[in-house]
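Below: one structure, written as structure tokens.
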Amino acid sequence: MHNELQQKLAVLHKLLQDNKADAILIGSDQNRFWLTGFPSSAGWLVVHKQRVNLFIDGRYFEAAKTAIDPLVKVELFTTYKQVKALCEQVGVKHLLIEGDYLTFNYQNFIKELCAQYTVINAQEIRRQKLPSEILAIEKVVEITRKVAVKLKRFIQPGMTELFIAQWITDQLVKAGGAKNSFDPIVATGKNGANPHHKPSKLKVKSGDFVTCDFGTIYNGYCSDITRTFLVGKKPNNEVLLKAYKKVDEANMAGINAANTQLTGAEVDKVCRDIIEASEFKDYFVHSTGHGVGLDIHEMPNVSTSYNKLLCENAVITIEPGIYIPSVGGIRIEDMVLVKDHKSVWLSAKIPRAF
């Protein structure tokens, strides 16, 4: 823990140096947990050149003092004036704040602390996962795999989307997950044409393709997997069978392409080019993927607009899809650990339709 904390502080100190800033104020639950390893629903971290201060209220104070590395000075939070006094004491003239977690109250608080502040994308600091984070993600993917194996056999004609979604939720917890990382998506038949369909009372029929997008949380870290399963042995729509094969091809190409030599946009293009060269060119309507970690969607993105190189040990999804209005849809989503040349396919053992 101590070594990882020092590595994380090195990331933050470089951010301070690059932005010519004196301190970073962290108010989000995710980044507070990322730095300290201590889960809490409130608190303020001030990372400055001398040390790290955590201001946390009475619900967590005693536990935090015991659990958190001594490099972090834990203080009982009673008033915002404590944070302001610290900033004045260490000479904070330029403050970095988390733009992606910015609330109205947070912004008003910032104005009182420091006249000059810079909004940063705080998720960027978590792009490169450390060994303990990778272990947690591997574990949460394994929990998800266990449920997916059962799910493929479980889905039967006559079941509703809602029933299947609730079953997934229950099974993820039984398998060791803390809770859903997001509400499961279950879409059968024509409902599959809506990428973020909300499960309904529509019943599955034999020959349907059923898209199931689900994940859970382990030690704070999320999984995000999609499988489109065939119910029965023969599809009732040959167009969707062709679409499945094309999505599968694009998905595998993206998994094989992901590495530190490519940008998120370039990996997106690998998948997108395969679908756009087919009869389904008009039906891939979202980005290829995104980062996964303490947030279900975080940096880096695998999209047409993400022109940064993927960094080693980033965890991303590869999730191309085809969505044909009034017909149905196919999506296959996997999680990948980015490496220099050959990335690690984390979800390789999660079953597919064929």
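Glycine too: its Cβ is placed from the backbone N, Cα and C atoms.
Positions annotated as Mn(2+) 2 binding site by Swiss-Prot, on the basis of similarity to another entry: Asp213, Asp224, Glu333. Reduced to three states, the DSSP call for Asp213 (Mn(2+) 2 binding site) is strand. Sequence-distant neighbours of Asp213 (Mn(2+) 2 binding site): residues of the same chain at least 6 apart with a C-beta under 8 Å from its C-beta are Pro184, Ile185, Val186, Asp224, Ile225, Thr226, Arg331, Glu333.
The Mn(2+) 1 binding site feature in Swiss-Prot is assigned to Asp224, His290, Glu319, Glu333.
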Q: If we count other C-beta atoms within 10 Å, could you say which of the binding-site residues His290, Glu319 has the fewest?
A: His290
Q. What does DSSP assign His290 (Mn(2+) 1 binding site), in three states?
A. strand
